[in-house]
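S.K.: One structure is given below, represented as C-alpha cells, and several questions about it will come after.
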C-alpha cells in the first residue's frame, strides 16, 4: 500500500502525481533545464567558463555547480539569480558535487587534489573528509537518509566505494571490470545504485545491501558521462553524441534521445522533490547536534567534526584557532599544514589577488602573515585566517624575493633582486628606508636574528655568497663565498646558534656557525631543487621545486627524512608559525631608543642605532631626522604615478610622492588621459585639479615659482597657455604657427619662455613670457626635440632629441650649437641641477646623469622604470629670485607677465586690455555662446585667437538649447537628460532650476529680455510653452498642428515668435508672442530646419 496519500500504486512503482520532472544539466558554458517528455529546454545560467558537476537543493531552491577552468564551486537561485562563489580556493579539478539536503551540507570530489571534502552550503567550515588511498575521485552521490556517501575513482585501480558521511566505515563496492566509472546516481525507492563506465560503454547497477553488480544490455553508449534516475527511467549525458538519452531502468529498453546537438553535456540531475525526499531524519536536530562546527551524519547517529587543521578539544567542540602550522607559498596561493592535528593536510588560506607569492614570514604577536608578490611587486599581510588583508608596500619594488620579520621591534626587512637593495620599514610599511644598496647582485633570501642584532642574506649573482650585517646595516661581512651557486633558502636555529642554507644548484642543505665557520653538509642527496627552508624544534623543513614536495629531516643529522606533502606545483618559501618566539627587552623598547623615526637593532656593544626614512638625513645627534628633509631632489612622472629621488643621500632610491617626506612645496603634473593639470603637496596631500577643461594633450609644463604662474603646451590644441597657479585667469599666449609644441622652459629673470615644436618642421622657439617678441632660434637638424632645460648659470640652452638621438646645447640665442651626448636611445625629459644634467629615456627605461657642460661621466641613476615621462630637478637651497610682478601684481588687475626687462599686464583669454594698459573687464564685449551637450563655452569676437573658453556651469548632462539674458547677464539652457530648464551666471554661480516638471525633449529656448519671459519648444510633447524667467505663470501657447517643433526665436519689439518644425511636413511658422495669429512662413524645400535666428537690424 502507498504510505503517502499523494501517491498511488501502478506497475509496482509509487509514482508522483505532480509536478512534472525537469532534467537539470551542465553544458560547460551554461546550465539548462529540459522537459524529458517534450524535449523543451530553457536556459538557467549562461556565460559560464567550464561548468562540469552539478546538484541542487530543492527545499532552498538553489543550484550548485563546479567550474574546472575557474577552479570554483558556485551557487545560484533556481531562477538563475543571486550567483555567488561558495568555494574559491584550493580546488584543482572538482569533478563531482553532491548536496545533503537534510543536513544542509555540500560534498565534492577533486581529482586534482585526490580528496573528498565537505562544507556548509555557503562554503564555510570546510573539511577534507577522505584523502588516503584515493587517486582520481570523480562522481559522488549521497544517501542522507542512511548517512552514506558513494563515489567513483578512476585512477590506476578504478573502483566504486562508500563510507559514512562523516568519512568513517569506508568500503569498496566494486573494483573489477571497471575502467572509467563516470556518472553515479542512487535510486532511493528501489535501493539501487547506477553508474556509467565511459571506457566499457555500459551502464551498471548494484543493490545497496549485497553490492551485486549487473550489466545492462545497453548498446550504443559511445562515451556516457553522468546519469540520473526518475520513476522507471534512467537519463544520461554522452560526450560523443553530445546528447541526453533515456532508457527503462529495469530492462534497458525503450532507448530514446531526449535532446541532441548540445554544446558539451556534462553532469545531469532530475529536478523534482522526490529526488530529495523530505521525510529523512535530520540526525543533527535543530541545534546542530550540539557541535561547535560541523555536524556530519554517520549511519544511525552523527559526528561532530572540525574544519581542516583545527583540533577537537572535546566530543562537541573544536579549537578556535591554530596554535602551530607550517606556512608555505605556492605562487598563486598561500597554504598551511596544521600541526594541531594528525592528518597533516594542507589547506589554502583565503586570500585575494595573489599572483606570484614568493617570500613569507609571520608575527605571532598580532597573528599576521606577510608575503611578497613578484608579479604585483608588493609586500602584503593578513591575519592567519585570511582576514584583514592589506598591501603594506607596493611602490619601487621590482623583485622582492626575501622577507624577514623582526618580531621584537616590529620591523619588516626585505631583499629586492631587481633594485639590488635591502630595505626595512615598520610592519605597516611606514618609515621605509634603504639599508644596503652597494655590492648587491641578486639578493635572495633574508633572515634576522633580533637577539643578536644581526641579519643574514643570500646573493646568487655573479659571485654567489652569504653575507651578514647588523640589522642597521653596520659591520657588513661575507661569511660564505665558496662552493655556492644558487644559495636559496636561509634559516636560523636560535637554540644551537647555527645558520642553515639550501643550494639549488649544488643540491645540498648545509649549516655553519653565525660567522660562517664550522660548515657542514646536512643533506647532500635526493635534493633536486630546494628553495625555501625553515626550522622548528628538532626538525628542518624545506620546499623543492622539482620534486614538488615539502620534506623534513632531523636538523642535526639530516636523517629520518619524511614527506609532508607532495604533488604541489610552484612551491616557494616556507615557515613554521607558532607562539613561542623568544622575546627579550631591547634598546628600542624604551622610548623608541631615543630615535625620532626608526630604531634598528645592532650587534653588541652598540645594540641599536637610529635611521631615517628614504631621502632624509640623520642629524649630528645620531637620533633625530632632519626636518628640512630633502633640499635637492628629482621629481619624475611615470604615467601612473609621480616619484621622487633625493640627491642628498649617498644612494639613488625613488619613492612615490605620497611616501616622500618633505616640507612645503607643490608639484604640478598633467595627465593626458584624464585631460587635466593637477597639483599636490610634495608629500602627496592636498591633491587638486587646477585645469580640467579645454585640454587635449598637455605635453609640456613649466612653473614660474617666482611669478606664481603655470605655463603649458598642448599638442592637441596647438596652443601655449598660462594661468595663475590655482588655474584662474587662464590665457592663450601663442596659437598661430604651432604644429606640435612639446617641452617648455622659463627664464623668469630674463622674461623669456622657450619651447620645442616637433611638428612637420621641427624647431626651437623663444618669446617673452606674455607671448610677444616671438623668434625661432633653431630650425635645422631637429627631429623630435623632447626635453628642454635652461642653464641660467652657464647661459645656455640644452635639449634632447629622440630622433637624432642627441642631447645638444647652444647659447640662449641659439648660436654656438654643440652636441653633448650622442647617441642616446630615446630621451624624453631633461633637467639640470648643479653641475649635472638628468634625463629620462623611454627605451632604456632609465634615468641618466651626465656633466652638463661636457656631457661626460654618464651614469644610470635608476633603471627598470617603465612609463618614464618628464623629469624636474629641485634645489630648495637656491633663492627664488626677484619677482618683477611681486609688488601689487605689477599694477595689473588680472595677469602680470614678465617681458624682457619689463612687465606687461594681460587679460584672460578673449578679453581685451582696457586703454589704461592695466585693467580688464570680467567678460568680453562680444562673444559667441555654444553648447556641446556636456559643456557650455564662449568664443570672444573681441580678440583674434577665437579660442573657446569653458563657462564653468556645473552638472551638465545633455545641453541642447540655450539663450542669454543680457539684462541680468544670465545664461538659460535646457538639459534633455535631466528634463529641466535652468539658469546660471556666466561665472558658473547661482545655478537654479526654473522648470523641473512636464518636460520631455526641450529642443528650443528663447528669452524675451523685454517682457522677462522665456519660450521653449518640446519635441516630445509637441508643444510651445511660455513662462516668466523664474519659471512661474507657465502656459501652453501652441499644442495643435505641431509635429516636431525645434528651434525658436523672439522679436520682442515687434511682438513676434518664430519657430521651425521638422516633422512629416517641415515648415517655419510665426505667431504673436501670446500664440495668436499663427502663420506658416515657409513649407517648401525644407528638410530638417534646425537653427533659427533673427537679424533685428535688417528685419530678416
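Backbone N, Cα and C define each Cβ position, glycine as well.
The model shown is predicted, which means the values in this text are computed figures rather than measured ones.
For reference, TrEMBL lists these features for the protein:
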- 283-319: domain 'EGF-like' (DOMAIN)
- 587-626: domain 'EGF-like' (DOMAIN)
- 884-921: domain 'EGF-like' (DOMAIN)
- 61-103: repeat 'LDL-receptor class B' (REPEAT)
- 147-190: repeat 'LDL-receptor class B' (REPEAT)
- 410-452: repeat 'LDL-receptor class B' (REPEAT)
- 453-496: repeat 'LDL-receptor class B' (REPEAT)
- 497-539: repeat 'LDL-receptor class B' (REPEAT)
- 665-707: repeat 'LDL-receptor class B' (REPEAT)
- 708-750: repeat 'LDL-receptor class B' (REPEAT)
- 751-794: repeat 'LDL-receptor class B' (REPEAT)
- 795-836: repeat 'LDL-receptor class B' (REPEAT)
- 969-1011: repeat 'LDL-receptor class B' (REPEAT)
- 1012-1054: repeat 'LDL-receptor class B' (REPEAT)
- 1055-1098: repeat 'LDL-receptor class B' (REPEAT)
- 1-24: signal peptide (SIGNAL)
S.K.: Please give the sequence-distant neighbours of the repeat 'LDL-receptor class B' (410-452): residues at least 6 beyond its ends with Cβ less than 8 Å from one of its Cβ atoms.
M.R.: 359, 363, 365, 368, 370, 372, 379, 381, 391-393, 396-404, 458-463, 469, 471-473, 476, 487-492, 494, 499, 514, 533, 573, 582, 584, 586, 597-598, 600-601, 603, 611-614, 651, 653, 655, 659, 864
S.K.: Is it true that the repeat 'LDL-receptor class B' (795-836) and the repeat 'LDL-receptor class B' (969-1011) have 3 or more Cβ pairs under 8 Å, skipping pairs fewer than 6 apart in sequence?
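M.R.: Between the repeat 'LDL-receptor class B' (795-836) and the repeat 'LDL-receptor class B' (969-1011), contact is absent.
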S.K.: I'd like the per-state residue tally for the repeat 'LDL-receptor class B' (1055-1098) from DSSP, helix first, then strand, then coil.
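M.R.: Helix (H, G, I), strand (E, B), coil: 0 helix, 16 strand, 28 coil.
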S.K.: By DSSP, what is the split of the repeat 'LDL-receptor class B' (453-496) into helix, strand and coil residues?
M.R.: 0 helix, 23 strand, 21 coil
S.K.: DSSP on the repeat 'LDL-receptor class B' (1012-1054): how many residues come out helix, how many strand, how many coil?
M.R.: 0 helix, 23 strand, 20 coil
S.K.: Going by DSSP assignments with H, G and I as helix and E and B as strand, what are the residue counts for the repeat 'LDL-receptor class B' (147-190)?
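M.R.: So the counts come to 0 helix, 23 strand, 21 coil.
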S.K.: In terms of Cβ proximity under 8 Å, which residues at least six beyond the ends of the repeat 'LDL-receptor class B' (497-539) contact it?
M.R.: 326, 328-329, 360, 445, 447, 449, 452, 454, 456, 458, 466, 468, 478-480, 483-491, 545-547, 552-558, 561, 571-576, 578
S.K.: Would you mind listing the long-range same-chain contacts of the repeat 'LDL-receptor class B' (969-1011), meaning Cβ under 8 Å and 6+ residues beyond its ends?
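M.R.: Those are 922-923, 929, 931, 936, 938, 951-963, 1017-1021, 1027, 1029-1031, 1034, 1045-1050, 1052-1053, 1057, 1059-1060, 1073, 1092, in sequence order.
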S.K.: Pop the mean pLDDT for the domain 'EGF-like' (283-319) in here, whole number is fine.
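M.R.: Averaging the confidence scores along the domain 'EGF-like' (283-319) gives 95.
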